[in-house]
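Engineer: Structure incoming, see below.
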Amino acid sequence: MNNQLKHYLCGMQLINQTINLLKKEILLEWRSKYAFNGVLLYVVSTVFICYIAFNLNPGFMGSNGYPIVWNVLFWIIILFASVNAIAKSFMQESKSRLLYYYSIASPQAIILSKTIYNILLMTLLSALALPVYMLFFNNTIGDPLFYFLAVLLGSISFSTVFTMISAIASKAGNNGTLMAILSFPVIIPVILILVKLSKSAMDGIERSLSYGNIGVLLAINVIVITTSLILFPFLWRD
C-alpha cells in the first residue's frame, strides 16, 4: 500500500513539474515570439519562392507529376521548419539555467515539457503552413481531412525525434553537426511513411489501407518518447 502511494505521489509530482515547465516554455515564447515568428516567416517565404519557380513553367501544374512534387515539397518545407524551430530547444539554454532546472525538477519532467511544447509549436505552425501552401498552389488533395491528420502526425513525429536529438547534441561541442548525423537514420523512415500516408490522402484511397502506416508512426513516437525518458536522466548527470 505504501509503495502504491509512493508511486502515485511521484507520478503526481512529475505531472505538476511538467505542467509548470510547459507553462514556462509557453510564456517565454509568448513574450518573445522568436521561434514562432522566425519559422512562420521561413515557411511563408519558402512557399512564395516555390510559387514563383513553378510559375516559370506553368504547364507543369497540369502534368501527372505535379501532385507528387506538391506533396514532397510540402514535407521538405515542414521538415526544415521543424529543424529551425526545435534544434535550439536545449542548445539555447545556459548552463546556469540548466543547473537551476536540475534543482527544481526531475529530468523526465524537463524532457517531457520540451517535447510537449515542441509538439504544440509544430502543430500550430503546420496548421498555418498547410492553408498558406494550398493558397499558393493548386489543391490536389482528394481527402483533405485525412491529409490534415497526416500533417498532425508528421508534426508530432518531427517534434519527438528532434527534441530527443537536440537533448543529446546539446551535450557535445559541435552541436549542429552531431544533430544532423544523429537525426538522419531516425528521421528518414518517418519521412518515407509520411510521404506514403499523405500520398494516399491525396489520391483519395480508402483510409483503412493507411492504418498500418499510422500504427508505425505512433509506434515510432512511443519508442522515441520512451527512449528520451530513459536516456535523458543519464545525459542530465554530465
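Placement of Cβ uses the backbone N, Cα and C atoms for every residue, glycine included.
Any TrEMBL annotation is an automated prediction that lacks curation.
Taken from TrEMBL, the feature transmembrane segment covers 34-54, 66-86, 119-138, 145-170, 176-195, 216-236.
Please go over these features one by one and say how buried each is and what sits next to it.
Structural biologist: Beyond its flanks by at least six residues, the transmembrane segment (34-54) meets 60-61, 73, 77, 80-81, 84-85, 88, 121, 124-125, 128-129, 132-133, 136-137 of its own chain at Cβ-Cβ distances under 8 Å.
For the transmembrane segment (66-86), the list of distant contacts is 35-36, 38-39, 42-43, 46-47, 50, 60, 118, 121-122, 125-126, 129-130, 133, 137-138, 140, 151, 154-155, 158-159, 162-163, 166, 183, 187, 191, 194-195, 198-199, 202-203: same-chain residues at least six beyond its ends, Cβ to Cβ under 8 Å.
Long-range contacts of the transmembrane segment (145-170) within its own chain (CB-CB distance under 8 A, at least 6 residues past either end) are made by residues 75, 78-79, 82-83, 86-91, 93, 111, 114-115, 118-119, 121-123, 125-127, 130, 176, 178-179, 182-183, 186-187, 190, 194, 197-198, 200-202, 207, 210, 214, 217-218, 220-221, 224-225, 227-228, 231-232, 235.
Long-range Cβ contacts of the transmembrane segment (176-195) within its own chain (Cβ-Cβ under 8 Å, at least 6 residues beyond either end) map to 71-72, 75, 79, 83, 87, 150, 153-154, 157-158, 161-162, 165-166, 168-169, 213, 216-217, 220, 224.
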Engineer: Taking a Cβ cut-off under 8 Å, which residues six or more beyond the ends of the transmembrane segment (119-138) line up next to it in the same chain?
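Structural biologist: That would be 26, 29, 35-36, 39-40, 43-44, 47-48, 50-51, 54, 61, 66, 70, 74, 77-78, 81-82, 85-86, 148, 151-152, 154-156, 158-160.
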